[in-house]
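Undergrad: Below, the features straight out of TrEMBL:
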type: TRANSMEM; residues: 54-73; note: transmembrane segment
type: TRANSMEM; residues: 85-105; note: transmembrane segment
type: TRANSMEM; residues: 111-129; note: transmembrane segment
type: TRANSMEM; residues: 150-169; note: transmembrane segment
type: TRANSMEM; residues: 175-196; note: transmembrane segment
type: TRANSMEM; residues: 216-235; note: transmembrane segment
type: TRANSMEM; residues: 241-260; note: transmembrane segment
type: TRANSMEM; residues: 267-291; note: transmembrane segment
Amino acid sequence: MLPLLLELIPTLALGLAIGMRWPLLPGALAQPLVRFGIPLSVAALLLRSGLNRDFLQAGALALLLIAALMLLLQRWPRLLPSGVLQLGAVTGNTTYFGIPVALALLPPQALGAAIAYDLAGTLLSWTLGPRLVAAAGQGRRSFRRDLGQSPATHGFLLAFVLQLTPWQAPLAALLWWPARLVLLLALLLVGMRLGVMLNQGEIQPGFNWRPLAPALLFKMLLLPLLFAILGRLLALPAGVADALVLQAAAPTAISVLLMAEAEGEGVNAAAGLVLISTAMALITVPLWWWLLS
């Protein structure tokens, strides 16, 4: 656990400082990282863990539970009255935060389950997500564009092709350490994006965080708990169950803020969810790992 904290806290803090000092730098770093770095790292992790039954099982379970919760929250708006809160309560920053955490804590065989969760979350974010944030019927266009551009999707397709070749094992070994470096840069990018948010005043002075409390509690505590309970009830392998819980414990996805900005709805709430949940994750993720252990 100490190595994880020594990796998370300094990297996020450094990214925060860089983002506040050079707000244009995250945009310049994000493009090559998303286009080349993350897909290669995801492919390397999948080659090492394998595209197997655990991968399919984890993806199916994440898809069903997250979709059910999205629909339930939409039909029962008393607890979370806005679409931004509903989406932020179930959508996690799994690519840039959750997968680096899984890489630090889980055995290589369990990394496929973490990536399967990420793919399921991406799929649902860009199909049901826009419908939650705003009533405008743009979900189909956003889904096709953003799922197609998702680094997890590109990495999955690359791993699928490479796994059919006779070079799977040497490629997995060759890409292992570059993959770790890329995911460290992804964590740095999260900190930089938070620094830009603070620098540009996306969190207004006097911001009231109390209306966000139910969504934060749902995201950081209840959602991982639901996956932990399901993992026990379904007798999932320990690595798969742990991967699902840790991914569910990831902070609110930055994509929620992007959707809110695009629709002009709940931008402050989305920014607050991303910022506060990321800070909370530095405490809750180690807590969940301690409970799982």
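Each residue, glycine too, has its Cβ placed from N, Cα and C.
I'd like these features described in context: how deep, what's nearby, how far apart.
TA: Here the transmembrane segment (85-105) has long-range neighbours at 1, 3-4, 7-8, 38, 42, 45, 66, 69-70, 73-74, 77, 111, 114-115, 117-118, 121-122, 124-125, 129, 132-133, 150-152, 179-180, 183-184, 186-187, 189-190, 211-212, 214-216, 218-219, 223, 242-243, 246-256, 259, 266, 269-270, 273-274, 277-278, 281, 285, 289, meaning same-chain residues at least 6 beyond its ends whose C-beta is under 8 angstroms from one of its own.
Tertiary neighbourhood of the transmembrane segment (111-129): same-chain residues 42, 45-46, 48-52, 54-60, 62-63, 66-67, 70-71, 87, 91-92, 94-95, 98-99, 102-103, 139-140, 142-143, 145-147, 150, 152-153, 155-156, 239-240, 243-244, 246-248, 253, 255-256, 259, selected by CB-CB distance under 8 Å and a gap of 6+ residues from either end.
Long-range contacts of the transmembrane segment (150-169) within the same chain: residues 34-35, 37-43, 45-47, 50-51, 95, 115, 118-119, 122, each at least 6 residues beyond the stretch ends and with a Cβ under 8 Å from a Cβ of the stretch.
Cβ atoms under 8 Å from those of the transmembrane segment (216-235) belong to residues 61, 65, 69, 79-80, 88-90, 92, 241-242, 244-246, 248-249, 251-252, 273, 276-277, 280-281, 284, 288, 291-292 of the same chain, restricted to positions at least 6 beyond its ends.
If one looks beyond the transmembrane segment (267-291) by at least 6 residues along the same chain, the residues whose Cβ comes under 8 Å of a Cβ in the stretch are 1, 4-5, 8-9, 12, 82, 84-85, 88, 93, 97, 101, 105, 190, 194, 197-198, 202-204, 207, 209, 211-212, 215-216, 219-221, 224, 228, 245-246, 249-254, 256-257, 259-261.
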Undergrad: Counting only residues 6 or more past its boundaries, what in the same chain has a CB within less than 8 Å of a CB in the transmembrane segment (54-73)?
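TA: Sequence-remote neighbours of the transmembrane segment (54-73) are 46, 79-80, 86-87, 89-91, 109-110, 112-117, 119-121, 123-124, 128, 132, 223, 226-227, 230, 234, 236-237, 239-240, 243-244, 247.
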